[in-house]
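Database features (TrEMBL):
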| type | residues | note |
| --- | --- | --- |
| DOMAIN | A:4-208 | domain 'Cytochrome b561' |
| TRANSMEM | A:6-23 | transmembrane segment |
| TRANSMEM | A:43-63 | transmembrane segment |
| TRANSMEM | A:75-95 | transmembrane segment |
| TRANSMEM | A:107-129 | transmembrane segment |
| TRANSMEM | A:188-207 | transmembrane segment |
Protein chains: 2
Amino acid sequence: MIYLAHLFGIIAFVLLLIWLLHYREGIEYDSNNALRVFNVHPFLMYSGFIFLAGEAMLAFQTVPSERKTKKFVHMTLHLVALVLGIIGLSAVFKFHDERHIPHLYSLHSWIGIATFCLFGLQWVFGLVVFMLQAASGTTRAKVLPWHKVFGRALLFMAVCAAETGLMEKSSFLTSLGMLKPHQRQSDLINFTGLAILLFGVFVNFSVGF
Amino acid sequence: MIYLAHLFGIIAFVLLLIWLLHYREGIEYDSNNALRVFNVHPFLMYSGFIFLAGEAMLAFQTVPSERKTKKFVHMTLHLVALVLGIIGLSAVFKFHDERHIPHLYSLHSWIGIATFCLFGLQWVFGLVVFMLQAASGTTRAKVLPWHKVFGRALLFMAVCAAETGLMEKSSFLTSLGMLKPHQRQSDLINFTGLAILLFGVFVNFSVGF
């Protein structure tokens, strides 16, 4: 199960890169081409945020070391995911500002921003309770199942955010006539979406769905 | 948790009805207005398929009766969900035919059709193994956790299908100028999406996420 999670995670990463670099305009935060700025968003939200957060969830099973190290890797990967997620989010705000598009109006943006805020809270909560051990051993043991369940729900929400994001972009491209049904690029977007979905499912399977 | 699942399930149902009846063209399978035919699709895929399948998953906890009856309700609700889902799917195929739109090209359609086919297989599997008891008691006990895990993954996929569907429709409406950011209808679609997402999360919580 863990191998399938890694596999689909990497497949999604490769497909997303092919899409953004070959079929779209490339990835650049400080670009005059607003579309290159936009592309930082899907790139970092998946490979920075979702993929690293998923791998962080698997760290207790994949890191061949003592529990303290596993925990440290789990926390650090989540922190990197959080930071890259913030850069990915600011890229899309920058794009909307440049194009004078209103912020946070779509279902994708609502799911995404809700997920990201809750993820931030979950990280701070984990840091205080489990790393800094502000709570007693008994409390920590009581709270741990909730930390896990909440983390899994957040991964589920993050995958929903990714799928709606791909759907929003491809619908806009389709209605602008820039993407035709059953074209190679259209299928590539769909396979990327399926790979991200399967990554989410197999990470959830691996940590005990 | 179960009450929250019911609550969000019913909120999503009400919001979806308001959207389709008040803001869109209404719901009618045999209509000359292709948009009314289309609306059968979101209505039945959520309230027929996702909501009933979710309630079927909760039946073991909500039906106050012996195990045999719970199992029967679980199976029957899933069967009704399957039948209503088939009608909901044929509505969108009918709409695409009338408007000469290609079939099954979007990420939404790929996730949706994959989920629905796997759901059909899962139902037949459940019928043969657990209802008709084609397998021995030991095999059934071994297979049950997989039946549950697979069912939860399917609910997750079905919610992703719903979110991408709402996103596809609202993106098309937006690019046609028929839906403006932060308009009441736009927020209504987003709240519907969030309610469906929370229904999925709380059903999953209730059956032991």
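Cβ coordinates come from backbone N, Cα and C, glycine included.
Caution: TrEMBL annotation is automatic and unverified by curators.
Cβ atoms under 8 Å from those of the transmembrane segment (A:43-63) belong to residues 2, 5-6, 9, 12-13, 16-17, 20, 27, 69-71, 73-78, 80-85, 87-89, 91, 112, 116, 119, 151-152, 154-155, 158-159, 161-162, 165, 196, 199-200, 203, 206-207 of the same chain, restricted to positions at least 6 beyond its ends.
Contact between the transmembrane segment (A:6-23) and the transmembrane segment (A:107-129) is not supported, since fewer than 3 Cβ pairs fall under 8 Å when only residues 6 or more apart in sequence are counted. Looking at the domain 'Cytochrome b561' (A:4-208) alone, the prediction's average pLDDT is 97.
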